[in-house]
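Novice: Before we start, here is the structure in question, set down as structure tokens.
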Amino acid sequence: MREMISMVVVLTVLSAFSGGMLAAVRTGTQDKIENQVLKFQKAPAIKKILSNVSNDPLQDRFKLTDNDQEITFFVGKVDNKPQAVVLEGKGKGYGGDVGLMVGIDIETDAVIGVWVTTHSETPGLGSRAKDNPDFVSQFSGLGLDKVFAVKNDGGEIDAMSGATITSKAVCMAAKQVQELYLRLKPEIQKQTQQMAN
Amino acid sequence: MGDYIVLAISCIFVNNILLAQFLGNCPFLGTSKKMETATGMAMAVVFVLVMAGMITWITDNYLLKPLNIEFLRTVSFILVIASLVQFVEMFLKKSMPALYAGLGIFLPLITTNCAVMGVCLININEEYTFVQAIVASLAYAIGFGLALILFAGIRERVNVARVPQPLQDTSIGLVTAGIIALSFFAFKGMV
Amino acid sequence: MAQSMVKEFTKGLWAEIPPFRLVLGLCPVLAVTKSVENGIGMGIATTFVLVCSNFLVSLLRNIIPTKVRIACFIVIIATFVTVVELMMQAYTYPLFLKLGIFIPLIVVNCIVLGRAEAFAFKNAPHLAIADGLGMGIGFTLSLGALGAVRECLGSGTILGNAVFGPGFQPFTFMVEAPGAFVCLGLMLCLMNLIGKK
């Protein structure tokens with residue numbers, strides 16, 4: 001009986017210690033990890049989209065909440081004047097979520113460019129969304145009043161042959177960004193105006 | 001349905017857990033000297049892997065994610081696997097002594113078989129649905145068994161051949177494994 | 001005391017160097033040694049876990065009931081593995097992405113559990129640290145050496161610097177899965193040859 005108690009006590013104390021320690025380490029590293037993810041996963045996509053801005057979009061970022069979800073906006077400036085925002089949307093693909101960075105010109109409300117950040121699609125088929133710029137470049141220049149969907153669904157985008165689901169996932173992500181942007185537009189304008197000053 | 005078959009084939013052959021993903025190599029080399037032990041290990045892995053795949057998937061999606069404590073994934077998965085192996089052992093001993101006699105000594109080894117933990121983590125990383133996770137776990141386990149039994153068959157023959165002394169045992173085993181891996185390499189690009 | 005510590009430390013570097021003499025923990029050895037950098041990164045992560053878990057296990061060796069010792073070891077090891085995981089995410093994100101699933105899998109690396117059971121549970125903390133450090137450094141050296149051979153032949157580089165002239169045709173077999181097995185097998189053979197004398 002005494003052995004039993006000591007077994008339970010030791011295991012419980014050990015687990016509690018483990019949980020506590022990990023929670024502490026987790027809190028300590030959370031911001032740092034977020035920065036690293038930004039730097040290595042999102043930064044390349046943002047740089048591709050905002051290729052001719054004069055600031056560092058990673059520094060000039062702000063967050064807004066929509067339906068309890070925090071969304072990060074990256075602002076691109078030309079001559080110190082905010083010109084575009086970039087934000088990420090997600091669509092359900094074949095092997096999981098497809099992440100898509102979408103850049104939007106805040107004056108004309110048109111897409112500047114999109115770039116796939118994360119995906120786990122089949123190599124050689126769905127993965128072309130990332131490797132092949134022809135597909136994603138179709139979004140560039142589209143106004144936000146257009147329908148972001150593949151042509152079969154009544155939209156503007158030619159699906160990649162052999163990768164319909166991935167094409168749809170990318171469109172879904174773009175559409176999510178479109179809706180989000182239009183919904184939050186007043187707040188986005190307020191934030192960017194503050195940055196201009 | 002077709003998707004599941006593609007997933008299964010990719011897990012058994014293309015991404016074979018032993019030869020392409022390098023998971024579970026300790027038992028691969030340790031239990032492959034005799035056909036009998038290899039078969040026992042393969043069966044035990046199939047059994048535990050499918051159950052572990054299901055339970056860890058449920059743990060992750062209904063416990064860790066809702067509570068936002070995904071950083072405890074490693075700790076909780078290994079505990080789940082270790083206790084699962086214990087339960088399976090106790091259960092088999094009581095209710096299926098024949099099966100226990102066959103799998104018995106291999107069960108404790110499975111806790112530290114990284115194939116089990118590895119597949120559970122892959123299921124989560126790939127964001128499989130519950131059914132996909134079961135199919136993938138079963139297919140990975142079959143791939144493991146297939147490679148292990150093939151390897152044991154070759155190794156039994158190598159044992160009666162005259163191998164130069166420094167190459168004996170593990171060394172020639174690894175080279176043999178390399179050649180089997182090369183033949184599995186032909187499946188690349190199939191799916 | 002210092003002498004015995006040195007003894008425990010050095011045995012990990014040659015006499016019992018993992019994974020050559022102690023054929024344990026092969027999975028990471030085969031999987032991450034495509035390059036020197038990956039190999040050494042993995043080695044250092046494993047060393048950290050080995051030293052910390054050895055120390056804690058040895059410190060608690062009189063408290064942990066023998067019946068549940070394995071469960072206790074696993075909790076301790078898993079805790080330190082998660083610490084490493086979070087730290088690597090925060091400070092060396094690209095390496096973390098490359099090693100991927102093999103970081104959490106340190107938990108089931110037989111070397112770590114093996115040392116806790118075979119050494120740390122029976123010896124004093126200072127010896128356990130020396131043992132963990134020696135084994136860890138031995139493991140790191142092995143991974144580095146294997147990584148060097150494979151990177152050199154497979155991609156013609158060492159730590160990313162080209163070592164051969166431009167006419168070199170990379171022996172791609174070495175960085176692929178089958179090459180890993182063959183290369184480790186031949187290195188083991190080499191160790192046996194040297195050891196025999």
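Backbone N, Cα and C atoms are what each Cβ position is placed from, and that goes for glycine too.
Automatic, uncurated: that is what TrEMBL annotation is.
Straight out of TrEMBL:
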type	residues	note
TRANSMEM	B:6-26	transmembrane segment
TRANSMEM	B:38-59	transmembrane segment
TRANSMEM	B:71-92	transmembrane segment
TRANSMEM	B:99-124	transmembrane segment
TRANSMEM	B:130-154	transmembrane segment
TRANSMEM	B:166-187	transmembrane segment
Novice: Which residues of the same chain, at least 6 past either end of the transmembrane segment (B:130-154), have a Cβ under 8 Å from a Cβ in it?
Specialist: 4, 7-13, 15-19, 24, 27-28, 31-35, 37-39, 41-43, 45-46, 49-50, 52-54, 57-58, 61, 115, 119-120, 122-123, 176-177, 180, 184
Novice: Please check if the transmembrane segment (B:38-59) comes into contact with the transmembrane segment (B:166-187), where contact means 3 or more CB pairs closer than 8 Å and the residues in each pair are separated by 6 or more positions.
Specialist: no
Novice: Should anything in the same chain at least six residues away from the transmembrane segment (B:99-124) have a Cβ under 8 Å from its Cβ atoms, list it; otherwise answer none.
Specialist: 17-18, 21, 23-27, 30-31, 37, 40-41, 43-45, 47-49, 52-53, 56-57, 60, 73, 77-78, 81-82, 85, 88-89, 92-93, 132-133, 136-137, 140-141, 144
Novice: By a Cβ-Cβ criterion of under 8 Å, what residues six or more beyond either terminus of the transmembrane segment (B:166-187) are in contact with it?
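Specialist: Residues 13-14, 16, 19-20, 28-29, 32, 147, 150-151, 154-155, 158 contact the transmembrane segment (B:166-187) from elsewhere in the chain.
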